[in-house]
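Engineer: My questions will all concern the structure given below.
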Amino acid sequence: ANMKLSLLLLVFALSIDAKEDSFEFRIPPVVPQAESYMCTSLQVNEATSIIGFDVLNENHVLHHLLLFGCEEPGSDEVVWDCGEMSAGSSTGMDRAPPCAAKPTILYAWAHDAPKLELPKDVAFKVGGDKSKIKHVVMQVHYMEDGEKEDESGVSIRFTDAPISKEASTMLLVTGGEIPPMSTESLETACTIDEDVVIHPFAYRTHTHALGASVSGWVVQEKDGVDSWTLLGRRDPQLPQMFVPVANSSLVIKKGDIVAARCMMVNEGPEVVSVGSSGKDEMCNLYVMYWSEGSQGLKDNTCFSPGAPNYYWSSEAQLNHIPN
């Protein structure tokens, strides 16, 4: 396993003269277990600019894959169980979160989404002295038991060319419950309280089977009246890929509100709660944005407890809410 890590680090060193290259970051050989979340970590010593991702899922066993940027990984093990919030099966491995603290989401994939290329002159900055991201941690989620070892992963494209715009990913996420035989709205909203100017360029929705629509908005308040600008709206049952935002000239500044809503349809006889297993639900909206230099958000997560304890109109006191 240490040899695998050394080889990956060697790729960075050998590519120092190349303007653009790629390497494959894979989970060490594991046999998939139902509802298991497994993580592996890659230390990045040299300053590197990541410009694209392509998931390697040859065995077609992945439910989803996430890449986190961490100052320190959640475990020193080569591979560990990072489903600490899941009630799924035990892998017998050490259990720990993906990152020791404050994870940064670099990439998210599910439902056979195609590869992602970042816009020109935009990159995720990792490694080196200036970035707090010293490790890239990959989390893979298997929903079903497998019969043979899997080594799924992601091909990461990077460059050493100068990049002026730094990419980041904001996560808008809720808790909550969907009552039986009902349509429920899971909502979250947060005010940007940092002195930033950020430019959203892509978004990705994620729910499980009950999700009918996920939408994201930027809200500006003036004289008690809220003005809503659509970031994007998408059916989460489509391939869960990053797609361009509705308005490429949209800018988010201090004082603006970012908001997300998941419309959930539960036609079954039981309450379905938000959780980590495939039997639970999720309401996630990922928003990729760029900023000049490293002037992005320090806190990239917007969370609410969701229905029935949180709604835009009551707890967030928003008005002129769109359909």
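Cβ coordinates come from backbone N, Cα and C, glycine included.
Those TrEMBL annotations? Automatic predictions, nothing curated.
Feature list, courtesy of TrEMBL:
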- HIS63, HIS64, HIS141, HIS206, HIS208, MET282: Cu(2+) binding site (BINDING)
- CYS39-CYS82: disulfide bond (DISULFID)
- CYS70-CYS99: disulfide bond (DISULFID)
- CYS190-CYS302: disulfide bond (DISULFID)
- CYS262-CYS283: disulfide bond (DISULFID)
- 30-145: domain 'Copper type II ascorbate-dependent monooxygenase N-terminal' (DOMAIN)
- 166-314: domain 'Copper type II ascorbate-dependent monooxygenase C-terminal' (DOMAIN)
- 1-18: signal peptide (SIGNAL)
Engineer: Please tell me which one of the recorded positions listed here (HIS64, HIS208, CYS262) sits closest to CYS302 (disulfide bond), measuring Cα to Cα?
Structural biologist: CYS262
Engineer: What is the interatomic distance between the Cα atoms of HIS141 (Cu(2+) binding site) and CYS190 (disulfide bond), given in whole Å?
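Structural biologist: Answer for this pair: 28 Å between alpha carbons.
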Engineer: Around the Cu(2+) site formed by HIS63, HIS64, HIS141, HIS206, HIS208, MET282, which additional residues qualify by having Cβ within 8 Å of the site's Cβ center?
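Structural biologist: Other same-chain residues near the Cu(2+) site: ALA110, GLY278.
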Engineer: Just to be sure I understand the packing, how many Cβ atoms besides its own are within 10 Å of the Cβ of HIS206 (Cu(2+) binding site)?
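Structural biologist: Cβ-Cβ neighbours of HIS206 (Cu(2+) binding site) within 10 Å number 22.
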Engineer: How long is the line from the C-alpha of HIS208 (Cu(2+) binding site) to the C-alpha of CYS262 (disulfide bond), rounded to the nearest angstrom?
Structural biologist: 11
Engineer: For the domain 'Copper type II ascorbate-dependent monooxygenase N-terminal' (30-145), what does DSSP give as the number of helix, strand and coil residues?
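Structural biologist: DSSP classes over the domain 'Copper type II ascorbate-dependent monooxygenase N-terminal' (30-145) add up to 0 helix, 55 strand, 61 coil.
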Engineer: Rounded to the nearest Å, what's the C-alpha distance separating CYS190 (disulfide bond) and CYS99 (disulfide bond)? Just drop the number here, would you?
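Structural biologist: Just about 23 Å between their Cα atoms.
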Engineer: Whole-number Å only: compute the distance from the Cα of MET282 (Cu(2+) binding site) to the Cα of CYS262 (disulfide bond).
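Structural biologist: Roughly 9 Å, rounded to the nearest whole number.
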Engineer: For the C-alpha pair, I'd like the distance in angstrom between CYS99 (disulfide bond) and HIS206 (Cu(2+) binding site), rounded off.
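Structural biologist: HIS206 (Cu(2+) binding site) has its Cα 21 Å from the Cα of CYS99 (disulfide bond).
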Engineer: When you put CYS262 (disulfide bond) at the centre and draw a 10 Å sphere around its Cα, which of the recorded positions HIS63, CYS70, CYS82 have their Cα inside it?
Structural biologist: none
Engineer: List, in sequence order, those disulfide-bonded residues among CYS39, CYS70, CYS82, CYS283 whose Cα sits within 10 Å of the Cα of HIS206 (Cu(2+) binding site).
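Structural biologist: So the list is CYS283.
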